[in-house]
């Protein structure tokens with residue numbers, strides 16, 4: 001699933017090409033995504049100028065003035081800039097055509113993504129209850145420690161909860177816990193303030209490094225240019241079961257938490 005670094009990389013790649021452009025047409029080939037694409041998407045957006053492109057958690061927010069388009073990439077989605085001569089492939093479900101000839105194309109093989117419209121983005125049900133951005137000053141040791149003290153759940157599911165902090169998916173949760181020296185199964189309420197400080201810093205550092213690497217391309221994700229992300233080449237524990245730890249050579253272990261695979265080093269993480 002595209003996580004915060006992949007979505008932020010997509011936003012950064014699209015924004016300079018699309019901001020200020022006028023949308024001339026929307027072509028919907030397959031409206032049946034996680035939620036049905038609004039049937040009047042083309043009617044509502046045609047002729048509008050894209051004023052800006054922002055991100056909230058794993059959602060992209062296309063600001064068309066009176067209306068905002070929300071896009072979620074789901075499990076397998078990607079947004080790419082294409083030329084008019086490039087034919088649509090099987091899983092290319094939506095095209096947004098702009099006045100300079102640029103086409104923004106949504107590819108989503110598993111169709112778990114979403115394209116929605118709203119006149120009140122901050123108050124939209126999908127956004128209103130989200131936690132702070134992990135790279136913001138609102139997410140720090142004090143905040144994380146307070147959240148941990150309220151819950152007896154394991155720490156990895158907690159930092160993957162978008163109501164606690166947005167955008168920390170499975171890959172980056174495992175990597176952040178490794179850098180903080182914390183096992184994924186440790187009860188959140190048992191973490192000290194110092195441990196929460198290490199973890200908050202690790203989350204920021206891992207996400208920043210992943211954005212710089214263009215995200216992780218494990219299955220379907222590509223950047224808006226069509227290039228792959230490369231963070232998966234530098235992971236310390238994720239998807240490395242039985243491989244030697246890059247720090248101490250202990251075999252990496254894999255466990256399942258909330259139906260998700262977690263990876264950790266039993267020596268480096270306590």
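We count from 1, first residue shown onward.
Using N, Cα and C of the backbone, Cβ positions are placed for all residues, glycine too.
Annotation note: residue 2 (active site, schiff-base intermediate with DNA) sits in a coil segment as assigned by DSSP. If you look up Swiss-Prot, you'll see 2 marked as active site, schiff-base intermediate with DNA.
According to Swiss-Prot, the feature active site, proton donor maps to 3 (among others), an assignment based on sequence analysis.
Look at Swiss-Prot and you will find 58 (among others) tagged as active site, proton donor. Taking a C-beta cut-off of under 8 angstroms and a sequence separation of 6 or more, residue 58 (active site, proton donor) has the following same-chain neighbours: 2, 3, 4, 7, 72, 73, 162, 166, 167, 169. DSSP gives residue 58 (active site, proton donor) a coil state; it is part of no helix or strand.
Feature annotation from Swiss-Prot assigns active site, proton donor to 260 (among others); the stated evidence is sequence analysis. In the three-state DSSP scheme, residue 260 (active site, proton donor) is classed as strand.
All chains included, 15 other C-beta atoms sit within 10 angstroms of the C-beta of residue 151 (DNA binding site). In the three-state DSSP reading, residue 151 (DNA binding site) counts as coil. Annotation source Swiss-Prot lists DNA binding site at 91, 110, 151, citing sequence analysis.
Per Swiss-Prot, the feature zinc finger maps to 236-270; the stated evidence is sequence analysis. In terms of DSSP secondary structure, the zinc finger (236-270) contains 0 helix, 12 strand, 23 coil.
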Other C-beta atoms that fall within 10 angstroms of the C-beta of residue 3 (active site, proton donor): 24
Protein Cβ atoms within 10 Å of residue 110 (DNA binding site), excluding its own: 15
